[in-house]
Amino acid sequence: MAHLVLRFYTVATVLFSLHSIFSANAFLIKRTLSPASNASLPGNWTYVGCWDDNVNGNGRTLAGSSYADATNMNASACVSFCQGRGYVYAGTEYTDECYCGDALVSTASRQSDSSCSMGCAYNVSEACGGGNLLTVYYANEPTPQGPFVNPGPPGWTSFGCWTDGGIRSLSHSTQVEGGSSNMTVDACTAACASAGYTLAGVEYADECYCDDFLSSSASNTSLTDCNMLCAANSSEFCGAGNRLNLYAAGSAIPAVKPVSKTPPPPAGWASLGCFNDSVGARTLSNAQYLDSMTIEECTSACAKAGYTFAGTEYGGECYCDNAIQNYAALNYGGPAVDGGAGCNMACAGTVNEMCGGPDRLNVYQYNASALPATSTSSSATGTATSGSDNDNNGGNDNAGCYTEGNGGRAFSNQMPDNDTMTVESCIQQCSDLGYTIAAMEYSHQCFCDNYIRNSPSRAPESSCSMACAGNKGEICGAGSILSVYTVGNMTAYINPSTQSGNLPGQWTYMGCLSDADDNRSLPYEIVWETNNTNTACLEQCALFGYNAAGTEYGQQCYCGDVQNVIDAGATLQPESECNMVCSGNQDGNGGHICGGPSRLSYYTWNSTMYDWDFASGVAAGAYEFLIGGPVIPLVTAPARNGKVTYLEKFGTSPANNGTGAYELDLSLLDDFTAAWRPMHVKSDIFCSASLTLPDKVGRQINIGGWANEATYGIRLYWPDGKPGVAGVNDWQENGAELSLLNGRWYPTAMTMANGSILVMGGEVGSNGAAVPTLEVLPSPSGEVIYCDYLDRTDKNNLYPFLAVLPSGGIFVGYDNEARILDPVSLQTKQVLPNMPGAVNNFLGARTYQFSGVMMLMPQYAPYNDYLRVVICGGSVPGPEIALDNCVSIAPDQPNANWTIERMPSKRIMPCMTALPDGTYLILNGAQQGRAGFGLATEPNYNAVLYDPSKPVNFRMTVMANTTVARLYHSEAVLLDDGRVLVSGSDPEDVRAFAPQEYRNEVFMPPYLLSGAPRPSFNLSNLDWSYGQSVTFSITPRATVDTSGYRVSLLGAVSSTHGNSMGQRTYFPTTRCSGTICTVTAPPNANVCPPSWFQMFLLDGNNVPSNATWVRIGGDPAGLGNWPDLPDFDVPGMGAVEAIL
């Protein structure tokens, strides 16, 4: 959230303006904020003052643990949190944040108590710091020494710092009591001791690992490598990334398990070594369930079940088979490439034997001439019958007697051995699990499946000769012979295959590509645990404009660009290494391969998916320095007097030297003092809304503000003067006479078709509660309208996007949602589809704090096409990766839906400016983070030109770069001469890439750099009615054909937080002959709400003239007579008069 320095308060009081709906007058209440009383604090803790925080880039005043709680934060909660973690200082900040430490940073200084003027989230009368201000409490105890390496709790000894990695140095991840947030060395060693282990290791501040032996890959390293503080004890170290603080119990010495301690395999069995394995494709496919895992128990169980291969895994798992199965046979399994390093886990039944490891099998093969005799091999007494003679088989048909498969099991899902098995019990067990085939073997083994596998052969009925273990009168197969029962016909299983054909769009399969967790080949990951397919992955990547895609590990989909693969150094690997079935195909027969472990089934788009031009020279435009500024603006707005108004934080400005408002005269840039006329506001306009009114003088209105009475503020300015001549008018404001019905911070304002002002959304102020309402100015009813959709999506819906639609409805965009309101009732008329977000996260948002920018695309006479809305940029809650796309929709179109277009780079907090030629300039912002103070990184210095006249995905041109970071609180507006004024950046961030920015620049579009002469015109009629034809004259230029000239009309804009309130673009019918032209105004207020417009004349080469301001649609709401109050001047009604 936005953090502010509230240094303008001089007493510990805060004024709140409470507005009565029964009276136009406001009254004030004082609320005194005090720190928590010492008596209310635990132990000997006391209040020690209000201190500044994060000063001059020197980091946090309290640099230990921290947390935030927007509901329950107060001093007692914060002190308890810090005390429980061994700290002696605690501080609350910004209403809901808590910081801990053992000392105050030396650069911090104490401020007046009244400076900490923000109420606690839990108790609004208790001070909880402010923006970059801490309310600090002290335990009155000596500062703990440390941090240090714990020498070991009683009974444990520290053995230093050890490496860790993909193969864990200690293989058993263990939870400590209370969870990872309670991690200490004591907690970890206690948890390992409780689990029976002699070694314990703490890692990454909050992870605990246990074992009796180290893996062979572990090595002792520098003690300084283990430098992360324990999550619940800041005085001791708990490892670091891939580093363990290692401890041993009693007399134990950390060591790799000696090879000599692994006994030889049981008699008749030979060790084949350490093999790879995978849950999705087992090396040995038949699991055994043992009470106590040892090598002897596993090989014995496999022999008893009639298998010649046995494998132990993960310390406690046993697998059997009669052949090495697909995973290993495809060469990824085989003996593991790292030798025996991965088989590093002691058997659950004895620490003196190794039983595989994570995805690793110790494999054994029986090498005697015949399997050992077992108790089930003796002949059954009496006469056994085949299942076909039984009446109680649950409706299953006896399919006959079958051999096992060639190279693998005929049926893959083996149930636990059952010494009381019957035909009926096996069928029932398989049926209960949803299988359609049941097969009995070796008297006590039951197999289930929906398919017949590995091409088994039908065997003579006499081959099924072993009586069922639980019913000597039934036959249950024989050694490697199965009695098979089925519901319906059996279908042969089809092995999954690489999907190289029947691909969507223009995708082509490239091969099996390497990938790595720490260096992804493709950056955007989507996990579909149950429904991943190559087709779905490719369609998703293409939808968001990515030309490279891959599936991995069965359930993962990755999107990106071919360049990402090149940059990662990824290479094609043997096809056998992509061997995992897509999670969306696992319930069916056959299916397709979706990569493997660290392997991508890799696809590329084999035609042009998008085409970004990279302009150079004149075609790229150029940034130029314009003038320094006295303040950092929050709102900029060109006015019809040829100047630009600047509104800034009044009273909360970091420099604290401003008047709240200035006016820039662009004709006096050589004289800094003359160029900037000081103006004045009476309350803080921080994060307010602005518009140009359609009254006859084009007054500017500013609405809402930062906190308390400022949030109710309505401020008006009547532009006067002209270039080179200073005006005398100033902003007018009196909250006692004129105010909003609801206080609003971060609202949006829009001129409706009836000429009234719609005001929507916001918060109470200073990070307060939502204001999920809208109201109209002037208010016809004195009431607000509740908006449930704003309540539901708070806090991601601030500065919502608003636009009047040609149908008469009102478009509203907020968070990642959109709807159309009825223009009369202002209730929802239609809910539109949600806006697409990121390719891997549909929750990507578009309005503050995940700010994108909205523009209305040009409307062309005769205005029969649906109006399109385009929204560019935004960010993803959580990872806060900025969005790299624009989305557009024609809300009035039947079955309207969003179109996605890739941008050349990611942007959060962008600005976008409509240009006279119908194009749009995208600029400013960052590539990571969200809107707010100090919350974004990776400034985006590049400008992009967006041309909606071109096909989708071919509209972007990469333009010139600036050297100035424009982050939070930056603006961009179109000047009358066709340049783009670029201003602001107020991140209040101590990092070098994000300075407070007072410089103003202009972007010079290519049409101003070509050297071509610019057209000019003379217009006397500045006040147009709808549908009116207006004649004007062109300044003659020799031998110039004017028949291709056209007019563009650009709505008067106020720019703040990437929101360009008032923006619209029109290309009306224009006819020129010689030096005389006629232009026809748009037809009605739905197509063109009443407003002021910059009128440009474009020649046949799209070079624009300077603008002349015209009003279209009049003043139907009578704003010229509003507000009729003593402290406000009103221009009245009537015709527009020229001021330039």
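From the backbone N, Cα and C atoms, a Cβ is placed for every residue, glycine too.
Taken straight from TrEMBL:
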DOMAIN    44-140  domain 'WSC'
DOMAIN    155-250  domain 'WSC'
DOMAIN    268-367  domain 'WSC'
REGION    373-398  region 'Disordered'
DOMAIN    395-488  domain 'WSC'
DOMAIN    506-606  domain 'WSC'
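Secondary structure of the domain 'WSC' (44-140) per DSSP, as helix, strand and coil residue counts: 16 helix, 32 strand, 49 coil.
The average pLDDT the prediction assigns to the domain 'WSC' (395-488) is 91.
Taking DSSP states H, G and I as helix and E and B as strand, the domain 'WSC' (506-606) has 23 helix, 35 strand, 43 coil. Across the domain 'WSC' (155-250), DSSP helix (H, G, I), strand (E, B) and coil residues number 16 helix, 38 strand, 42 coil.
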